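Written out below as structure tokens is the structure these notes cover.
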Amino acid sequence: MRTEYCGQLRLSHVGQQVTLCGWVNRRRDLGSLIFIDMRDREGIVQVFFDPDRADALKLASELRNEFCIQVTGTVRARDAKNVNADMATGEIEVLASSLTIINRADSLPLDANHVNTEEARLKYRYLDLRRPEMAQRLKTRAKITSLVRRFMDDHGFLDIETPMLTKATPEGARDYLVPSRVHKGKFYALPQSPQLFKQLLMMSGFDRYYQIVKCFRDEDLRADRQPEFTQIDVEISFMTALQVREVMEALVRHLWLEVKGVDLGDFPVMTFAEAERRYGSDKPDLRNPMELVDVADLLKSVEFAVFAGPANDPKGRVAALRVPGGAQLSRKQIDDYGNFVKIYGAKGLAYIKVNERAKGLDGINSPVAKFLTADIVDAILERTGAQDGDMIFFGADNKKVVADALGALRLKLGKDLSLTDEDKWAPLWVIDFPMFEDDGEGGLTAMHHPFTAPRDMTASELKTAPEEAVANAYDMVINGYEVGGGSVRIHNGEMQQTVFGILGINEQEQREKFGFLLDALKYGTPPHAGLAFGLDRLTMLLTGTDNIRDVIAFPKTTAAACLMTEAPSFANQAALTELGIQVVKKAENN
């Protein structure tokens, strides 16, 4: 039906007869001439109808936005004065000789000339996806997956599928459960990741595995989370953590070079402890120049309990955040930032405005100045590198609250004051995470997952001091987004059972949930490691959007619903009966 795509026509096509298929993007009726912008997935081209082709001109008068049409015509060069430099096809146009209206369009629920609500866009997603910017994002996503497959094939990886219907395992989020009709009362789980299957593939001798795979997590959603998402999943045998990072870094550098024309260079490496200390986050955005600076040692003797208390507490921390040019902030803005940090557990936000540094105590403005000596102020200004016109904010509390509050404030200030370089790419690796963290109930939980190996510890050493264990894990971070994470896996049965025990999984539960894994570990398991990238998040970064729903063809809302198909929906009673399921309605409060 077509010979060319609209958006691919260029000066090289001048004089050729072409047949195009697509949609009316815009129509302009000048009486004796009718112009339309005709659109398909590749872009837009201008088509015009003149009186010499009367039948086509008459039919063109009926055209409206989003009519699906076929046009045959001749490509012509535009006059120099009519060239549109903003269009890829702006040097040419098509003189139509025939027009077929394939399908007409009703009055549109989406307005191409206005900003539509996300609710409307998701409800009429098939119309939303016709927009050039949406089509371009999905084309970029397709290019990324193609580049990944070629790279992995070139590096000896095998694309192997793993099951979608599997067994529930504890991986940090709730599972989506699928009832079995054959095995009444039993349920499959949709995989949160192919973690155990890819480890079993290593045990099976397939030493380089990858898969672009759907995963499912029943968790609370954010702008960059979906209940079903796509991973670039990788596992490798007989490689160290460093070697795995080198291969995966090469993949990401390849993607950025091919998609953006940007050489990311070598990725810096930072420990978890350093990232938390300097940036208040384990996924620091290095485009932002501000850093947290420890000042507790300078404030231990001040007569101000808000500072002195945490400064003298081994579990406490007092840190400063210097904001270049921040002295311009108004009292209201400072109060707003004080309320902002309370979201993260902080009780308030002390500050020093640096007016004239050379004047020391007399050159600052601060509600806590009366508690500080000139020497302490000078030391704080020196350590933070403060200059005239800067602002210094303080966090004083337990270590987690200070990191969370000042880390979030750092990001917000970077955006609000345009301190973050939006034109820069800042990748890094974060390594050496704690293996376990407090679950809030007196126990421990795995910071990554229970199949991550510790660094340089035996099973007996781990059992003795689990709080001191460092995971042989690594996250790739780009511009403050964790785009991928992985680890060296446990390949020893004793170590795996030790980790399960630390996590409170008794031997009976270990056999019930992981018996197949523990058995497999008995038969010559190779050392192996892996990583998984979030394809959705990578695409989000490479297309310049901050909403993950913009890079998924048919995403869910933040309430995990599809507005277009109205999923989830109630099941047919006959189907429920066959599955042995009874839906219990929640009692309404009187």
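Easy rule for this one: first residue shown is 1, then count along the chain.
Cβ atoms are placed via backbone N, Cα and C, with glycine included.
Together with Arg217, Asp218, Glu219, Gln226, Gly534, Leu535, Asp536, Arg537, Swiss-Prot lists one candidate of Glu274, Glu276, Glu482 for binding ATP, that being Glu482. Range annotated as region 'Aspartate' by Swiss-Prot, chosen from 195-198, 203-206, 259-262, 571-574: 195-198.
Taken residue by residue with DSSP, Arg217 (L-aspartate binding site) is part of neither helix nor strand, so it is coil. Arg489 (L-aspartate binding site) falls within a strand when secondary structure is assigned with DSSP. Secondary structure at His448 (L-aspartate binding site), as computed by DSSP, is coil. A C-beta separation below 8 Å, combined with a sequence spacing of at least six in one chain, links His448 (L-aspartate binding site) to Phe433, Ala471, Ala473, Gly485, Ser487. Closest to Arg489 (L-aspartate binding site) in space, going by CA atoms and restricting to the binding-site residues Glu482, Leu535, Arg537, is Glu482.
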